[in-house]
Amino acid sequence: MTASEENSALFPIFILSIMALPLVPYTMLQLCRAASKKAKSTHCQCSVCIRSGKYQKSIFKRISNFSTWSNLTLVLLWVVMIVLVYYIKHISHEIQVFEPFSILGLEPGASDSEIRKSYRRLSIQYHPDKNPDPEAHNYFVEFISKAYQALTDPIARENFEKYGHPDGRQGFQMGIALPQFLLNIDGASGGILLLGIVGVCILLPLIMAVIYLSRSSKYSGNYVMHHTLSTYYYFMKPSLAPSKVMDVFIKAAEYMEIPNKLSFWKQHPALVKTELLIQAQLTRESGALSPALLRDFRRMLELAPRLLEELMKMAIIPHNPQGHGWLRPAIGVVELSQSIVQAVPLSARKASGGSSEGIAPFLQLPHFSEAVVKKIARKKVRTFQDLQDMTMQERAELLTQVAGFSSAESQDVETVLEMMPSITIDITCETEGEEGIQEGDIVTMHAWITLKRGNGMIGALPHAPYFPFHKDENFWLLLADSMSNDVWLSQKVNFMDEAAAITAASKAIQEAKEGSGASLKEISSAVKETVEKVKSGSRLVMGKFQAPAEGNYNLTSYCLCDSWIGCDIKTSLKVKVLKRSRAGTRGGAVVEEGPSVGDGVEEEEEEIEEEYDDYESEYSEDEEDVKDVKSKAVAANGNAHGKGNSSSSDSSGTEEEDE
């Protein structure tokens, strides 16, 4: 076999190696990710969620979930690799290395007489005079004759036995694993080779770079259009009422791309269509939509979680010289997210019956309606907390005897109530290594957020039978001044990834202990305790901010859940900032536990004129309440502990900034 033919035969091996280098590690990574998914079911097991079909794993849904572009491409590449392996195995039998002894059917070191005898035997079988087959003729000339000559010539035989080649020691040879027709650069083959080199080495990388740059210039890291972010930032206002957040939300560029055939004079058709689709979700009327509108409806809901997250970020990013965000629109974004996920009208959040949350928390429960809420209200169950405080037997009697539920429907309600999270928050603010907080200090906030559920689970998907996609529970911790509408610190936390939470909390505690000069034993003990707390359902939140000017600050920590209604909690946090001492001495500050804002302040409904029935956020406060909070504020370094009773939520803190 010539050198060019040998190189051509190695071309499939070269292609196989190039494909296997990235394909094998990527496949292993995908398999590890699939294996790391918990086998334990983390979604709601009530009959309403099961009937929704969102969590059903039929063969068609499995195929649909698997039939992504990445998975199909992966399978196709593996098919190509298998074909290459089969082809290489087939041609390996055709590639024969020149071995004179093997060709003549002899053992190495055979005598001259044995060589001549074997040659005569093969000549009778393959000689052209004896065998007219052209292949036999080629085999006799190319192999048998050359092998006989190599072994009968003393010098050639000695070279072969020493160096493995009749011509003696061979120099180092290099080749290129390309097909034979490409190596023949005469005529059209040269053009094919040139086009291949230009296409693979120049055009393909250039096309991929253009596609990547065009996409990256259009979308952010969260796959949200940059135009959407700029629009949200432009329309975000500090006084944006929760009921007006939808007007900003529907202006996303992604929703503008949804096709429509409507025509309006005063409003963009896409805005009207998006708002109508959202209203169909809030009123649970999606079943009346046509197939075409149903596709747009699902597309709208699929985009909603990440668009709401970006809208939330636009509300809490620094908007003033002190680096503070805005509280009022942030609360409105979370409430809109809750309503969309649970398919509850915004008007249901209007305060009524002694509940600042209205009947919205009841409507997220399975089989509940406004009529059911009115029935149980006659038994003095007017708030959602009243229902939660009842024993299981009392709730079962109430639902079966008063509301007319069956035992199965009553069990569905119990299942959902056990899924709802209950939050305990422990927050402290201090200047590390010092006793008090002076203006200009870097203040560190530590917050331990603990989540408990009635069913014992920690990370779980919320009960959301009317939201057709998987939705993780996300919690936001906002450390804010409700009187000035400023958000000092904010961060999102998720309880699904326990491993990441353990790593982050252990590292933070270890660095804090090392900075304070603790011994190795103390550090190890603290880290071990931290790991146990995280495994039991707690998350550590740490943030730093620069202390503002001297004064007393009545802050409030808000824990807001973007999926559940009625699981939010807020606690007060009182911080006293001392004047900067000239000599650098520090005065001590008293630490007190801040009372819950929800317990000490009455909340009143604020009337806002709107086109439709409006609601008031449960976190709104009127001017008299604000003055009352100011008069009752006690100067102290922040130390607050709050537990969600009527509401509970979960969050994590970010860096606070100077007010």
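Glycine is no exception: its Cβ is also placed from the backbone N, Cα and C atoms.
The annotation compositional bias 'Low complexity' is assigned in TrEMBL to 590-599. Residues or ranges marked as compositional bias 'Acidic residues' in TrEMBL: 600-626. Annotated domain 'J' per TrEMBL: 99-164, in sequence order. Per TrEMBL, the feature region 'Disordered' maps to 584-659. Feature annotation from TrEMBL assigns transmembrane segment to 12-32, 66-88, 192-213.
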Practice prompt. Could you give the residue numbers and ranges of same-chain residues that sit at least 6 residues beyond the transmembrane segment (66-88) on either side and whose C-beta is under 8 angstroms from one of its C-beta atoms?
Written response: 12-13, 15-16, 19-20, 23, 26-27, 30
Worksheet item: Which whole number is the mean pLDDT over the domain 'J' (99-164)?
Response: 80
Response to the item:
DSSP assigns the residues of the domain 'J' (99-164) as 48 helix, 0 strand, 18 coil
